[in-house]
């Protein structure tokens, strides 16, 4: 009834118009008075009930009730009222009195004593934050906190149909901290709090992996962000360091969100976000102090926190001090709530080390218990520590160091060198020391290296050595827990090239190479990290699980202070017992070249001055090598580049690949966008200058196992620009997550420059962010190999079935690139091939595509293929690409036109020749000539035909007469000279037998196809004249 009355009174006050007059406290019907009258009414009812039963109620004692404040009214006033405890019947409760103002609160270490309404100090074993609350116990999710897992991608189909949903994704309590999800779901840790006055929220966190988005923001009770600013992005921290974050809170309801979203594009596991010690200031008063949690204590009044019990002690809830364990049979970790029995010792409880060399050059193998020692040797099944003291010969000094007769190795003086087994010697004239470090013998930890151990959840291994030397290798130490980070650091103040290469530009300054192996039975991980100028530690590469002995090289291109870090973690799950103590990593050698403070294992040739007396080394100009005969600087030949590893001898100048040329300083090779190819006695000229600007390809979409949609974005800088790498890929995740740095610092950059680079793009709608996200930018190519029509160059091969066959007869041109950085999956680095194809239907920049069988552009993750189709990839036009067409002759003039061959497979180049006119004879003239000749020929043929016909008739007649005459005279020879002349006929013609043919005879013979004489002697035979 009291609560109902309070709500009604409060509701009536809220219903007052905003501009209406306020009710004075002295009015009998103010909300506070209504509450008081309601309380009095309740007491009267209780009294009436008791009197009606005939049983008088006892007077209320202080133990029978407690005080509370009413809700604040619109004037900021409230009343203190007495509330009977449950199951207590009494009478005579104290009357309501005016309470403290609503914004009142006590200081840290104090609480509000409600009887007198004054602040009092907390007693021993308790603590108070005053007007704040603190969450530092994460054995389970504290009351008021909630987990909400959402999937913000817009994929087709209901979320229930996804093979792997987000229902099991949540923040996980880990004892002293809470850990975020590791997948690509969006999980929010939510806490709602109502503040009586302005305050703040403060928490500590560890956030080292930018493959997870980490946001902290605040909403009101209407689910609206209080301040929609970029401050919600939490900054990255270094490995092992706890950062802090605080945000001001407004009075009223504040809903706090810790939200993480994983961006998983590969197989590597991400490091989760860790949060601890959440403190909220500005809440209502506290009327009591909180008891210290088990494992902590408070030994003085007015404490605002409790201290953790040291190791081998424990405490219960509300303890004033810690109780020691029985040290001979029990132990406890720091902050323990109880002691546990010590287990028997096993082989997992000790490790071996090598002592420094003694004066005899011997080292001892020593066995030590893992500290702190928690096992017992006096139990039945316990093992004892193996005997120590076995002596072995010390390994020699590392290259660049020498032994001066003592038990330690010393660096060689400047200008000298040693292989580690002999004394230091001065470099001969014309040479200089090859500075660097080569650590391959591990008897003691080198001076510029240090080792440590830390754990995000406890301090067991603080002060321990994370790594131990072991003769021919250095190995991970025991640590305090299986999830410890075992740290090994190498500090190098800077890098510089050899003297002869001081003027070179664009080349590497040095490199660090190490040989290692891991032996693991669980999910161990080895991280290799680089810190530049002590500002940002970034993970360069990581290896999980057991790895065979292998080498890894990291190239240095910038002169800065570097700290290289190797961090080894056996497992990411913390447990009380040690299960993976035998999981180790071994590093056999670490080599750093061109270190500023390095030592020399050998000497290398250097260039001498031009003067005869000069004996000191001088730097060569860029692109010059050292001539062996004279030790003088000499420029590399054209189209060669200078090796970044050695400059001695002409062989240091390496020829450029096909179709490429060197820069002026011979630092690298590049394509000037022109290419020439001989084909069938024809030279094809290609001009790719219009494609020299960066070409882009957005490929996808693809989806992760959780369904996150992402795209692969490629940038290609094909040629030109004097070899400058114009393709840039950005990481805009780092715009929100990188640590604060000095303005203008270029130690940490969000841009990746290369010939070919790749970014992973997550669209804005995929994760509910306001802009698309670009992450995981990698260099696919930073070295140009060459350009050729062949499909293979330097072990990069384009298979015939990789792309569709070109419909043209113009050969495709191939640009080949590679990356100088090796990875665990690509030991020889990545390589890229770009196939340029002539396609007149693709004007301008054209279209870039990837193989259909490799939608990500690569089939193995190491070699990338692209097909770039454009009209600009066609060869320049020549005289072979057009032909002429002759027009009709008109009025004595003829027009000659030139047209391109179809289909046209060329661009630009030469232009079509202008049409030209030439003199000619018209068709009418030749028609007339032809008609005349034809008519004459026809008349001649008719005349000849008639002549020969008539001639033939006469001969036939004479022949028949001759035959008839011969038969009638029965073989009498003719008496006349003429043949068959009848009476009345004139002897008009004389028959002359002659072998000579006249002109007409020749024509007749041609007509009758006779080859011999026209008239041959014919012997006529008759049966009656056998003698003839």
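Easy rule for this one: first residue shown is 1, then count along the chain.
Glycine is treated like the rest: Cβ placed from N, Cα and C.
Keep in mind the model is a prediction, meaning the values are calculated, not measured.
Taken straight from Swiss-Prot:
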| type | residues | note |
| --- | --- | --- |
| CARBOHYD | 168 | N-linked glycosylation site |
| CARBOHYD | 404 | N-linked glycosylation site |
| CARBOHYD | 690 | N-linked glycosylation site |
| MOD_RES | 1017 | phosphoserine |
| TOPO_DOM | 48-928 | topological domain 'Extracellular' |
| TRANSMEM | 929-949 | transmembrane segment |
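If you draw a 10 Å sphere around the CB of residue 690 (N-linked glycosylation site), it holds 16 other CB atoms from the protein chains shown. Here the topological domain 'Extracellular' (48-928) has a mean pLDDT of 82 out of 100.
Residue 168 (N-linked glycosylation site) is 53 Å away from residue 690 (N-linked glycosylation site) when you measure Cα to Cα. Long-range Cβ contacts of residue 168 (N-linked glycosylation site) within its own chain (separation 6+, distance under 8 Å): 149. The number of other Cβ atoms within 10 Å of the Cβ belonging to residue 404 (N-linked glycosylation site), over all protein chains shown, comes to 9. Residue 404 (N-linked glycosylation site) falls within neither a helix nor a strand when secondary structure is assigned with DSSP, and so counts as coil.
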